[in-house]
Amino acid sequence: MTFSPQRPEFETGKQPDPETEHAGDFFEETSSSAPRAASNGSSGPNYTLITTFLAALTAGIFAFWAGWTRKWISDDGLIVLRTVRNLLAGNGPVFNAGERVEANTSTLWQYCIYLVALVTDYRLEDIALWLALLFTTAASIIGVLGTAHLHRKRIAVLLPAGVIGYFSLSPARDFATSGLEWGLSLMWISIQWLLLVLWATSGKTSGKKASGAKTSNPIVNAGAITYALAFWSGLSWLVRPELAMYGGLTGVLLLLTAPRWRVVLGILVAALPLPAAYQIFRMGYYGLMVPHTAVAKSASDAVWGTGWEYVEDFTGPYNLWLGLALLLAAGALTVWKTDKHLAIPKGRLGLRTPGMAIALLVICALVHFLYVIRVGGDFMHGRMLLLPLFAILLPVSVIPVNVVDRGWQDLVALVLVFSTWVWSTVVFVQGHQWENTGQHVVDERDFWIDFTNRDEDHPPLYAEDFLTVDSMNDYAEVMRDQTLVNPTGQQLNILASSDPTTYSWITTPRVEGVEAGDLANLSPTVFHVNLGMTSMNAPLNVRVTDLIGLATPLAARQPRIEGGRIGHDKLMDLEWQVAESATPLAYTPGWLDTQKTYEARQALRHPELVHLFQTYREPMSYHRFVDNIKYALTTGRTLEISDNPEDLLKEFNPTPAEIQDGLETIAWPGEIKLDEPRGEPLYSSQ
């Protein structure tokens, strides 16, 4: 994407409007020793345009190939697809039909899959894989075009650098697919970067001559790009919550540089309605201000030490600091070649410059890095650091090397780029050597290949590929022959044999009579630590819950385990889960504490828990919607319950657990719609 730098002057005698005047910036004006492509009288090839196209093509091909060779789907990716199944069936954007729980972090990602599923018969796993891969590919191309636009006035060869370094990293290739929203997030960041660059180069600049103003990029309408950037910034919150920082700071910059109140109003109108409308919907429908995953993975505590260990786990295997040093040094040389005599931007209106666009993106990325470190990182190798890394590498996604009037900086930049390519090649070939030793941070792709008892060349791609996990032994058979045939309270995972280690599944009957009460409205329930593989291998009329709290509010509200695995540091006891199901107390599994199970069932009627159940189970109505908004703004932000039911029983007058009739309702009857089986796989991993 290149634009001819036409420079129409104002009419004679007219001075530029001080409210729209901006000073030039170092990427707008190149040094006198580096002639502008547009002002060169040569009829030779446009090296900048040609190499922009080649760099974008190279980046796209490399990103696609890198992601394709590591294609797979994670258990967390399957969680998203369960919500999509409920959307397709007509049960709403929920994980379990009848329970309004937002189990996915990215709002837009689930709807992207849903929209494609509406018009195709492809399996959801295939749709998720292809969308993620195409979004990732688009992100690499758009990122290159955005950076190349900064150098459009040079006569230079643009060499792909940062984008090559990024996709040489094993986790970057792993999360190019995986079923998660990383491809969508990368594309959002890239488009945000491109729009920032176009915005920064489309205002009016004051040149060295005082006679008039000139338009730095007349092909892009300055007003339209401002509102487009505002709208795109508003979407940040719906892509991933932490991207709201990028969108929010961009919005602040747009407001600061707005020349008139009418523009300020236009920016607000473009940016706020969609995210604000969804936020009202989220609070009224789910009873929360944030996705439910944010409640389960509470980030309220600062664990800097653990976070830095997470950084070292990511940087160490790839000598990432070396790669970053090479890329940032090449970027610094690009800045070094700028004309030191350019006017310094003055006033708030002078902030509309490419330099400010770069500074904004870098600041956002650095703050993002700090946030990840503060919350302790993640349990997946490199995952949470990929987005800020991609963002900070965008300004150096390509490095310009001047074709004419080359200086020593060009030679050094060329050496640095080639060194980056060598480093990237070594890192790409070497990969990430990981062994499952039970550590807190795991290579998620290799973990699931190992956990599903598959080999490296056949990673899991579909829900049924996870049935080879040891703990999923006979899961589908018990589901088909018992859970869906007989009145069932729960389907439970058991250790059938310790030598050799063998797992199996059993079922419990359903409550009846006075012990049932409204618990009889609960569907047959599967309880397991991994939500994706259990839920995607079960029909929608089977309720699937977890002990971490991703889809289980009762678990999400329990206290964190000190020193636990980041992101998985809440583990609800099985006694709570049996109590909060349609399982008769007499059939409490023998390995559980029967007294604790009894007390947990009593504690379900604690006023705070009753209110919690109402927010996501009571049928939707105007009253429920309004009450949920109030709850989201108050109790929903802070509620934490003890994992010991005895503590809760001290706070109210409990009734005997054997009698559930006539109590405050915590489960409501409702119709559950089933989805239709989808088409054959596009390819086979077998």
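Note that Cβ sites are derived from N, Cα and C of the backbone, with glycine treated the same way.
Quantities reported herein were computed from a predicted structural model and do not represent experimental measurements.
Per Swiss-Prot, the feature compositional bias 'Basic and acidic residues' maps to 8-25. Under the heading compositional bias 'Polar residues', Swiss-Prot lists 29-42. The region 'Disordered' annotation in Swiss-Prot covers 1-42. As annotated by Swiss-Prot, transmembrane segment applies to 48-68, 127-147, 155-175, 180-200, 219-239, 261-281, 316-336, 353-373, 384-404, 411-431.
Recorded stretches compared: 219-239, 261-281, 316-336, 411-431; the one with the most Cβ pairs under 8 Å to the transmembrane segment (155-175) is 411-431.
Recorded stretches compared: 127-147, 219-239, 316-336, 353-373, 411-431; the one with the most Cβ pairs under 8 Å to the transmembrane segment (180-200) is 127-147. If one looks beyond the transmembrane segment (384-404) by at least 6 residues along the same chain, the residues whose Cβ comes under 8 Å of a Cβ in the stretch are 34-35, 40, 47-48, 52, 55, 59, 139-140, 143-144, 146-148, 150-151, 154-163, 165-166, 169, 171-172, 175, 182, 185-186, 189-190, 193, 240, 242-243, 246, 310-311, 314, 327-328, 330-331, 334, 337, 358, 361-362, 364-366, 368-369, 372, 377-378, 410, 413-414, 416-417. If you look at the transmembrane segment (261-281), the same-chain residues 6 or more away from its ends with a CB under 8 A from one of its CBs are 107, 223, 226-228, 230-231, 233-238, 247, 251, 254-255, 289, 629.
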